[in-house]
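Read through the structure below, which is laid out as structure tokens, and then see the notes.
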Amino acid sequence: MPNLTAVSVFLLWGFSTLPELQLLGAASFLLIYLAAILGNVAIVAAVTHAAHLHTPMYFFLKPLSLVDICSVSTTLVATTLGSGDISLHACASQLFAFVCLGSTECFLITSMAFDRCLAIYRPLMYRAATSPETCVSLVSVAWGSGLVFSAFHTANTFSLPFCGPNVIDHFFCDIPPLMRLACANADAHEAAGFAVSGCVIMSCFGLTVSSYVRILATVCRIRSTAGRWKALSTCSSHLATVLLFYGTGSSAYVQPRSSYSPTQGLVAAVFYSVLTPTLNPLIYSLRNTDMKGALQKLYPRGPF
């Protein structure tokens, strides 16, 4: 076997090599980053300080917003402030953090679907079933599962040898473009990652869908139209988050490497790693009167 020089530094290609477009992209991402941070911090502050939001429904919203803050910081800080060079260890750390946060958000969204299902399908036992201890346990399981899931993907990706080229056709260290740079056959690693991701994502998605099937079945049995709309309105924000999360994330991870397109990967990454954390605060504030009221009290001169 010929001697191979291990790669110690990667170069993030980003969106363009033109300085003008790089500057425009950095400025745009900085504005989006600030909007995501301010929006999610506002959600956390509102849920913390508003006594009427201290319910299981909003309990999960705080860790979800914290995950979004960390997730968008993991990808955009390096993009807007970095030089484009990233060491092997920093790349592995960024991948670990990003996958951990993304999978934790997936588990949190599933827990929120379970919460909405209990609230509508079993309202009499809702308080007992969603006690503070149960909610804390669900959040802890989400974080623990995210750490395990991320550790597997990081080890699965960086156990491959990288000996050149070292240019990552992406704006952060992500699994598909990294596997394309491996100087060994990555089919087994790709198959393992695809199988684990598929099982986890489809399991969470299946639980979420089954929760909404039960919700719709219960709503259909409500005789009054006003009662139906009231029940559905409590799920509208979460349902929008579900569609946004799975619609963007699955297109990037639940597909074989042979069909991976760098351009498609970049577009999908912008949606699931940048726009989703930015839009979540809007989703949970624009159509939610309780949240809007809490934000107006917290920021009386704000836009809410």
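Glycine residues also receive a Cβ, built from the backbone N, Cα and C atoms like all the rest.
Because TrEMBL annotations are produced automatically, they should be read as predictions rather than curated entries.
Feature list (source: TrEMBL):
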| type | residues | note |
| --- | --- | --- |
| TRANSMEM | 29-51 | transmembrane segment |
| DOMAIN | 39-284 | domain 'G-protein coupled receptors family 1 profile' |
| TRANSMEM | 63-83 | transmembrane segment |
| TRANSMEM | 95-114 | transmembrane segment |
| TRANSMEM | 135-152 | transmembrane segment |
| TRANSMEM | 194-217 | transmembrane segment |
| TRANSMEM | 229-246 | transmembrane segment |
| TRANSMEM | 266-286 | transmembrane segment |
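Touching of the transmembrane segment (29-51) and the transmembrane segment (266-286) is concluded from the presence of at least three CB pairs under 8 A, sequence neighbours closer than 6 excluded.
Counting residues 6+ beyond its ends, the transmembrane segment (135-152) has Cβ neighbours under 8 Å at 56, 59-60, 63, 96-97, 99-104, 107-108, 111, 114, 196, 200 in the same chain. Beyond the transmembrane segment (229-246), the same-chain residues lying 6 or more positions past its ends with a Cβ under 8 Å from any Cβ of the stretch are 57, 105-106, 109, 112-113, 116, 119-120, 201, 205, 208, 212, 215, 218-219, 222, 272, 276, 279-280, 283-284, 287-288.
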